[in-house]
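Visitor: Shown below is the structure under consideration.
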Amino acid sequence: MILDQKPVILTVAEKTVHNDVYTTLFFDFAIDFRPGQFVMVWLPGIDEKPYSLSYHSPTRFGITIEAKGLFSRRAADLSPGDFVGIRGPFGNGFDIISSPHTAVVAGGCGMAPLAPLVERLHPDLFFVHGARTHEFILFPDRFAANRHITTDDGSLGHKGMVTDLLAAEIRRRADQGTPPFDRVYACGPEVMMHAVFTLCDVHGIPCQVSLERYMRCGFGVCGACVCSDQVVCKDGPVFDSKQLKKMPDFNRTALLKSGHAVPLSEYVSWRCL
Ligand code: FES
């Protein structure tokens, strides 16, 4: 079912507290969905925010919350039986190709929209996930695919950047005659996605990244989420290499809630919040 533009009131069916950072709320509701799409989550009297679906099955979906703002703390405090307004799903989602020569690069809770994608990709994909520290590695035990971990502080896996491992794997494939990647998918901090995009561009590898901008309507009417000439909620949030090359605001500028454009460093990410 498509919930569309009016919120449907759903009951929290189950709640999983992954750790002190991340919580997932599950809803027993059938929703047409493509990995990378998002829903608008409404807590009456508080606000409405976009969340990527982090779990999806024919009868259930889940959203994962990083509790650090007012809205996200309230959402993470919800319990089974509590009510939430949901609109969507919105956006385009990722193109799914069935190839063992794909790579997925996640940064922090950018893992949330990538998780249902990973479950639909070839199991032999190259999969790397980076975060500040080990606590911010989301879903550490969820996937059959071998996941390479990086942390900024070295508390888990490789100490350094996800692009260190992606670049090393691109080199290894070239040196050993393994076919190059057909596609790299990325989601995480925009500076990380830009680094992935640049690395892929140098090596002629198509990539898709999931951008985020402040969102109000979620379906292309209000203009709150514009990035260059693209409406992120409707044209995206997933953009490919060709589109990103024509988006000068990528990794540079974002609109605040007021509509004022600021450098990306002054924009607070909503992803998982
Ligand atoms: S959120 Fe309104 S146009 Fe995108």
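A Cβ is built for glycine as well, from the same backbone N, Cα and C atoms used for every other residue.
Note: TrEMBL annotation is automatic and uncurated.
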Visitor: Which of Cys207, Cys233 does TrEMBL put in the same [2Fe-2S] cluster site as Cys217, Cys222, Cys225?
Guide: Cys233
Visitor: Only counting partners 6 or more residues apart, tell me which same-chain residues put their Cβ under 8 Å from the Cβ of Cys225 ([2Fe-2S] cluster binding site).
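Guide: Within the chain, Cys225 ([2Fe-2S] cluster binding site) has Cβ neighbours under 8 Å at Arg213, Tyr214, Met215, Arg216, Val231, Val232, Cys233, Leu255.
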Visitor: How do the residues of the domain 'FAD-binding FR-type' (5-96) split into helix, strand and coil according to DSSP?
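Guide: Once the DSSP states are binned, the domain 'FAD-binding FR-type' (5-96) shows 8 helix, 49 strand, 35 coil.
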Visitor: Rank the binding-site residues Cys217, Cys222, Cys233 by the number of other Cβ atoms within 10 Å of each Cβ, and give the residue at the low end.
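Guide: It is Cys222 that, of the binding-site residues Cys217, Cys222, Cys233, has the fewest other Cβ atoms within 10 Å.
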Visitor: Which three-state DSSP class does Cys233 ([2Fe-2S] cluster binding site) fall into?
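Guide: For Cys233 ([2Fe-2S] cluster binding site) - judged by DSSP and reduced to three states - the answer is helix.
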